[in-house]
Amino acid sequence: MRDYDEVTAFLGEWGPFQRLIFFLLSASIIPNGFNGMSIVFLAGTPEHRCLVPHTVNLSSAWRNHSIPLETKDGRQVPQKCRRYRLATIANFSELGLEPGRDVDLEQLEQESCLDGWEYDKDVFLSTIVTEWDLVCKDDWKAPLTTSLFFVGVLMGSFISGQLSDRFGRKNVLFLTMGMQTGFSFLQVFSVNFEMFTVLFVLVGMGQISNYVAAFVLGTEILSKSIRIIFATLGVCIFYAFGFMVLPLFAYFIRDWRMLLLALTVPGVLCGALWWFIPESPRWLISQGRIKEAEVIIRKAAKINGIVAPSTIFDPSELQDLNSTKPQLHHIYDLIRTRNIRVITIMSIILWLTISVGYFGLSLDTPNLHGDIYVNCFLLAAVEVPAYVLAWLLLQYLPRRYSISAALFLGGSVLLFMQLVPSELFYLSTALVMVGKFGITSAYSMVYVYTAELYPTVVRNMGVGVSSTASRLGSILSPYFVYLGAYDRFLPYILMGSLTILTAILTLFFPESFGVPLPDTIDQMLRVKGIKQWQIQSQTRMQKDGEESPTVLKSTAF
């Protein structure tokens, strides 16, 4: 009995067909990069202060002193959410009294921004913040928008796999690509914050579903050696490229509606890939559509300049994976023994912390010193060497040491930021870049590591639960950034501390480097780095009469 890889081995590893699929599927991820992070510019909060209407009769002196001052980073700056009571200062102005000389400003009554705000337009012409006044008492709405986008990502991650299993990888890929682009287009016509946010949730659902479908399609079409590079480098680097393109669009288009409209164009262009990307032959075979799968393989052979055998898929020889009797496993198996329970809990913590760090630093771009467009580009560009380093580390070094070192690097530089003098803001920005580099490397490696830790029978569930924890981390990340409004260093202190603690925790994971993938939960206990012993205890009073499980005792460093 031959499996799919053996049957299609005549196509070769890296011919023109494989290169075409590799680059086209990777290119389909580019819109994901800028759609996911576009909120950095769509919801940018410019400098603002209370609006003082021109209809109010104030002298120039009183108009210049109509906003109270506050101390921020050692400087006196106008308050953003308060002004002196206009009726009072208008009366003083009419009487000819001068602010500061005749009137003690500290004793004046204040009021909220009853007439709205005026916004600085040096960086943004308009954002959803300036359009719907998402500042002061409503400043929580901007991070909520981002969190709800990631809620959409979480929802999409639940349904994308089921949809692609039922309707095909290619159909779901282009359907969700259209969903992402279409709802982004509809956001342009949002009439209020609520409409924008609901549509953004749907964009998030389409974004992750598109990503998952492209990922699965590539891993099923490409050969064993190439699919590893595709999974660790291809989709990741093209995602980073999309992220790098975002500030270029935003620099030249500073109105949020026009920016959104421009960002939908690449998604529309990706629709042309329908005529070049085939359906997964593996999926077609699983559906009994062998003739269609054979047509695709023969076309691939023609592109590669190879003569295909007269019969490619012989139903009597092809190993049908669906014919094997499925074993029933449920989520309880992830906590059935002490060993797998400890690994599951630690994996959840690891994924959640990495996600908070990755998305927190990406979304924190507006709070960095310097040009927001340059900083955004650098935060995206630093991901490329991070992915390359992660791939090299996965090839040659133990997993837990590599991930722990990357996290320790990212966390330590974030903690060090609070010690940097305010005048050395370039150093602070450089430290954020290094932190993003370390956390991104860990993010890339943790996918492979988690899949290697879990046995075949529960691998999808294990990775799925961990990935869900990652989505929860991304939902929380905007509020880590939001804390920067109270203390500039607080987000970095929290993210840095969590990252370093997780780096230490990672050292207690079992090592999977160079070890065959476990197939059963019992085999999982024999992964290199775990010392085992059998708990000797009284016979359990259970109906199924199971033996006491082998548990995690210690980890050899």
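Here the Cβ of each residue, glycine as well, is placed from N, Cα and C on the backbone.
In Swiss-Prot, L20 does not share a side of the membrane with D487; the two are on opposite sides. Per Swiss-Prot, the annotated phosphoserine among residues S280, S548 corresponds to S548. Looking up T71, T539, T550 in Swiss-Prot, the residue bearing an annotation of phosphothreonine is T550. Taking the Cα of Y486 (phosphotyrosine) as the reference point, the closest of the recorded positions N64, N91, K224, S225 is N64. Cβ atoms under 8 Å from those of the topological domain 'Extracellular' (363-373) belong to residues 37, 39-41, 44-45, 123, 146, 247-248, 250-251, 379, 425-426, 428-429, 432, 477-478, 481, 484, 488, 491 of the same chain, restricted to positions at least 6 beyond its ends. Taking N57, N64, N91 as the glycosylation sites under consideration, the smallest Cα distance to G218 (ATP binding site) is found for N64. Proximity of distant same-chain residues to the topological domain 'Cytoplasmic' (164-172), defined by a Cβ-Cβ separation under 8 Å and at least 6 residues beyond the stretch ends, is recorded for 209, 212-213, 216-217, 220, 274, 277-280, 283-284, 287.
Through the fold, the transmembrane segment (233-253) approaches residues 22-23, 25-27, 29-38, 40-41, 211, 214-215, 218, 259, 262-263, 362, 372-374, 376-377, 379-381, 383-384, 387-388, 391, 444 of its own chain, all at least 6 residues removed from its boundaries and within a Cβ separation under 8 Å.
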